[in-house]
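S.K.: Attaching a single structure in structure tokens format; questions to follow.
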């Protein structure tokens, strides 16, 4: 199961959530991870002793209860209630940290952080952050581009010209997200987000030219940090026999499953004389039309069928 350390969570959100260490620095490597019986959204919540969260957030009501607990009003000790598995405690709303909670976290190597933000907002941000960071992921070989605001993954065997095609599309005003190793994350039940690893960001390898820095050559708008994957275009090598067998009037929708998410796919034969950049743009435009309920192939077949019926009726009504 994917997991991250408390240290990474702190580094990624320190300024956004105004986080500060209060105790438990030795537990900075505690892991926060997805459990089989708990979704990501259940990792964060207000202080709960019955169904403990991995990240326990102390708000106004929880702080008041802890103060009563420390004063002995409840008849319980910290150890009686805190004998639970948790990775991190955050005291929100700019509240002071009770000495009892600080001592308990220090003795048990539980990171204790403070934040000046209100606890509901703090939890919302952390849930979104964890949902993206701990999402199921996969790496696909190909080039990931933003074409007409649609996330397009171009795949195919090595040597078919994926990088050259990407370079042509970038020169036509489209944007590069990732080359070679595309990281895909399932951020929702039916949503895949494509990103590029920090090491490969901005770079595109083109045979004969080497490594190109796309941002430096084409400017800031030629690069996108991430994009939702909506369309896969698979390049295949085509010979005369393949082109003869190609069904040119198919209305069947092809999909490819990635991380149990079905993504629309299109197969483009690579042959001498074909302008692949124009074909990719046309495929994306056609996909956008289909999202609006318009299918050119189906429309042509319906028009063809109507014409056949009219011809048949005219033939029957023709006098002998």
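Each residue, glycine too, has its Cβ placed from N, Cα and C.
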S.K.: What range among 269-274, 275-280, 281-286 does Swiss-Prot record as region 'Important for the catalytic mechanism of dephosphorylation'?
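M.R.: It is 269-274 that Swiss-Prot annotates as region 'Important for the catalytic mechanism of dephosphorylation'.
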S.K.: Taking Cα atoms as reference points, which of the recorded positions 162, 180, 205 is nearest to residue 156 (ATP binding site)?
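M.R.: Going through 162, 180, 205 one by one, the Cα closest to that of residue 156 (ATP binding site) is 162.
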S.K.: What are the helix, strand and coil residue counts for the region 'Important for the catalytic mechanism of dephosphorylation' (269-274) according to DSSP?
M.R.: 0 helix, 2 strand, 4 coil
S.K.: Could you check the recorded positions 180, 205 and say which one's CB has the most other CB atoms within 10 Å?
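M.R.: Result for the most crowded candidate: 180.
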S.K.: Including all protein chains shown, what's the count of other C-beta atoms within 10 A of the C-beta of residue 156 (ATP binding site)?
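M.R.: There are 20 such Cβ atoms around residue 156 (ATP binding site).
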S.K.: Of these binding-site residues, 158, 163, which scores lowest on Cβ atoms within 10 Å?
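M.R.: Among the binding-site residues 158, 163, the sparsest Cβ neighbourhood within 10 Å belongs to 158.
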S.K.: If you draw a 10 Å sphere around the Cβ of residue 160 (ATP binding site), how many other Cβ atoms fall inside it, taking every protein chain shown into account?
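M.R.: Around residue 160 (ATP binding site), other Cβ atoms within 10 Å: 18.
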